[in-house]
Amino acid sequence: MRRSVLFPPGWRLLLPLLAFTAAVFIMPIGVILWKSIHDPEVAALLPATTASLESWSDETMLPPSASFDALASDMRNLVEVARIGELALRLNREQPGFRQLVERSAAKIHDEGTPLVETDRRWSDPASWRLIKRASEPYTPRYLLNAVDMRVTPDGTIGRQDEQRQIYLRLFARTILVAAIVTGLCALIGYPFAYALSVSEGMLRSALYFVVMLPFWTSLLVRTTAWIVILQRQGVVNELLVSAGLIADNERFALIYNFFGTVIAMVYVLLPFFILPLQAVMRGIPGQYVRAAESLGGNPARVFRRIYLPMTMPGIVAGGALVFILSLGYYVTPALVGGRTGQLISNQIAFHIQSSLNWGLAAALGTLLLMLVILISMVFSRVVPIGRPQR
C-alpha cells in the first residue's frame, strides 16, 4: 500500500485540532474582517428607499418624489414594528443630529400623516439624501476610515474627522507606547530573575519557580484588584511614605487610575510570560562557552555582551514578543486601573461592542489591531538578530 506524499502517517489525528482551530480562531477572525467592511443594516431597514435611490444620478438635486414616498413608507413600517430607533441610531453615526431628525419625522408621518418634506426642512437638502444613499451601500470603507480618524465628507471625498472626534489614532499610539514600556520593564526585571532561575538548584530553584508561578494561581481580577489596594491614595504605598515622613498626608501620590497604574499592573501580570521562555533558553546554554571566553581573556562585561547575550536572544525575542502582543490587546487591567489616561484601544473596542452597539466600528478597530500585530511581528523577526554569538 502506497503512502500519501502530501500527508504524513497519522495525519487524521490532527483533524480534531484543525476543526477546533477553524471554529474558534479562523472563523471569528473572518467574521471580524467581514463586519469591518460589510454594513447591510440601512438597506435592510429601508428597502424601498434604497431601491428608489439607485436611479438617482444627479446628487446635486433632490431625488424624485418616489424616493420621498418610499422613505415615508419605510419609516411608517419601522414605527409599527418598533425599529425606528435602530435606523435613527445608525444614521446618527454618519451625521450627528440625524437621530432627532429621523425619530421626529417618523412620529409626524405615522401619527399625523404629515408629508415627509413638511416634517423638517432638512429633507429639502440633497446632502441628507446623499447621506442615506451612501449609508445604504452594503460595502463601505467608513468603519475603517473612522478607525483612523478619517471620514467620508458630504461631497463624497475622504477627509479628517472633526477634531473632537479624533481619538482612535491617539489610542493606538498610547497602546503601542504602553506595550513597549511594559515589554521593556519586563525585560529589565525578568532577565536577571530568569538567569537566577536558570543557574539555581534545589530548594532555591523551587522557591523562585513558586514566585514566578504564583500569579497564575490567582485570577486576573484578584491580581488587578490587589494593585488598587496597594496603589490608591489611602493604599499601602502612600501609607508607608506618609508614616516614614517622606511625604505629607495631603501630598499623597496618585498612583492608580492613570497611565502609571496601568503600566505597573500590566508589568506584574505579564512578567511571567517573559521569564519562563527566557529561562528555558538560558538553561540550554552550555556553561563551557562562557568559561572558554573567560579563559581567553574576556572580561565579564565583554563575555556577556559578545557570547551570553546573543545566545539568549531567542528567549528574549520569544518572551518580548509574547508580552508585547498580549499588551496590545489587554482589556481587564486598563479597564480597572487605567482611569481616563490609562485607557487603551481594547477598551474602545469593548465599548462599541457592549454599549454603543457599533459592531462595525469595533470590527474595524479589531482589524487594524490585528494588522498592527502582524506588521510588528514581521518587523520584529527581521530586525532583531536571533541565533549565534557575534564575532
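Any Cβ shown, glycine's included, is placed from N, Cα and C.
The transmembrane segment feature in TrEMBL is assigned to 12-34, 171-195, 207-230, 255-276, 315-337, 357-381. The annotation domain 'ABC transmembrane type-1' is assigned in TrEMBL to 172-380.
Beyond the transmembrane segment (255-276), the same-chain residues lying 6 or more positions past its ends with a Cβ under 8 Å from any Cβ of the stretch are 174, 178, 181-183, 185-187, 189-190, 193-194, 197, 212-213, 215-216, 220, 223-224, 227-228, 231-232, 235, 237-238, 319-320, 322-323, 326-327, 330, 333-334, 336-342, 344. A Cβ distance under 8 Å defines the sequence-distant neighbours of the transmembrane segment (207-230), meaning residues of its chain 6+ beyond its ends; these are 193, 196-197, 200, 236-237, 256, 261, 264-265, 268-269, 271-272, 275-276, 332-333, 336-337.
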